[in-house]
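Taken verbatim from TrEMBL:
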type   : residues : note
SIGNAL : 1-25     : signal peptide
DOMAIN : 80-160   : domain 'Cadherin'
DOMAIN : 161-269  : domain 'Cadherin'
DOMAIN : 270-384  : domain 'Cadherin'
Amino acid sequence: MLTRNCLSLLLWVLFDGGLLTPLHPQPQQTLDAEPRENVVPVSGRRSSAQRVKRGWVWNQFFVLEEYMGSEPQYVGKLHSDLDKGVGTVKYTLSGDGAGTVFTIDETTGDIHAIRSLDREEKPFYTLRAQAVDVDTKKPLEPESEFIIKVQDINDNEPKFLDGPYVASVPEMSPVGAYVLQVKATDADDPTYGNSARVVYSILQGQPYFSIDPKTGVIRTALPNMDREVKEQYQVLIQAKDMGGQLGGLAGTTTVNITLTDVNDNPPRFPKSIFHLKVPESSHVGSAIGRIRAVDPDFGKNAEIEYSIVPGDGGNLFDITTDENTQEGVIKLKKPLDFETKKAYTFKVEASNLHLDHRFQSVGPFKDTATVKINVLDMDEPPVFSKPMYTMEVYEDTPVGTIIGAVTAQDLDAGSSSVR
């Protein structure tokens, strides 16, 4: 038996040793082959070495899926060239669906499908045909196998089996940057017409993103998309079969796209001068105040390093970064004395730790601000003029005699008398 797929829509039958031919073939169903010479061993009629013309030619059989007609669907007519039309030949059918899906008229050889078929459930049926002598019950030809193929109709919409999708793309990406590829599957026959030919389009999400209609690859469509302006996008994708033509079936899915952060923003102080008031009694190493620069970036791109710009006034102080709040914590390095110096002024610089060379042309990724510290006077105890006094007095000195004096001074501003 030789089988060849001439048309993807159709089914064919090749009978080996005998031939069934449709007497009334439909033009789209039938494709005849030329008869071929072959040695056919038929006991009692011709020797095995005798060359005769084959009795069977092959044809394509098919049945339309989802048929809803009131009458059984006609498939084709099988006929043996040994059948002279006098009722001496009986046709039988066996194999997949014989009697339950397909029936054959024993006298005429007409084949019908007696129920609606679904190609996605079973795309073809393999059957066997036999021509038998009515009187002797003996086969007139060897049993032959053929196939009835279920022809597809567009009864399945494309489906996104992996949706909804989640994707991300860096902010400020150039136009055409790859985001994600989506894929819809169509259960219809990809070899028949356009029933399974899917075309992709964007229903919601323009003008920010585009999609390749054939491959389903999503790309950025606008330059300079800024995460700090809009971070989340929901894109609605449609897949339509029939090549996107009118009447095609469609399925949709959503793609949630997040713009990931890049370091495209330098830190900036919200004001140029910070005022702090610090008691002169503050301990060395203690935190005396906090300042903060603002960076709209996220994560490591927003990490800030603070430093005191060398110069007058800053040598008594140090600054570190609070990793949790990204604030600059100012600490005292040396003791303060209100009576010695009442105010200090110095500059602080805030800069990013992780730079992105692509955005360095925007300008320096750092900023400076002035810190002014006013030292607060504390009510300190009076201070003696000496840490120790030595006095001599004679024995038997009368009570009330002055033997010496000690002095103490209140160093606070606006000092009061000392008792």
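Using N, Cα and C of the backbone, Cβ positions are placed for all residues, glycine too.
Bear in mind that TrEMBL entries carry predicted annotations, made automatically and left uncurated.
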Ask   = Can you tell me how the residues of the domain 'Cadherin' (80-160) break down into helix, strand and coil by DSSP?
value = 0 helix, 35 strand, 46 coil
Remark   = Restricted to the domain 'Cadherin' (80-160), the mean pLDDT of the model is 90
Ask   = Looking only at the domain 'Cadherin' (270-384), what are its DSSP counts of helix, strand and coil residues?
value = 10 helix, 53 strand, 52 coil
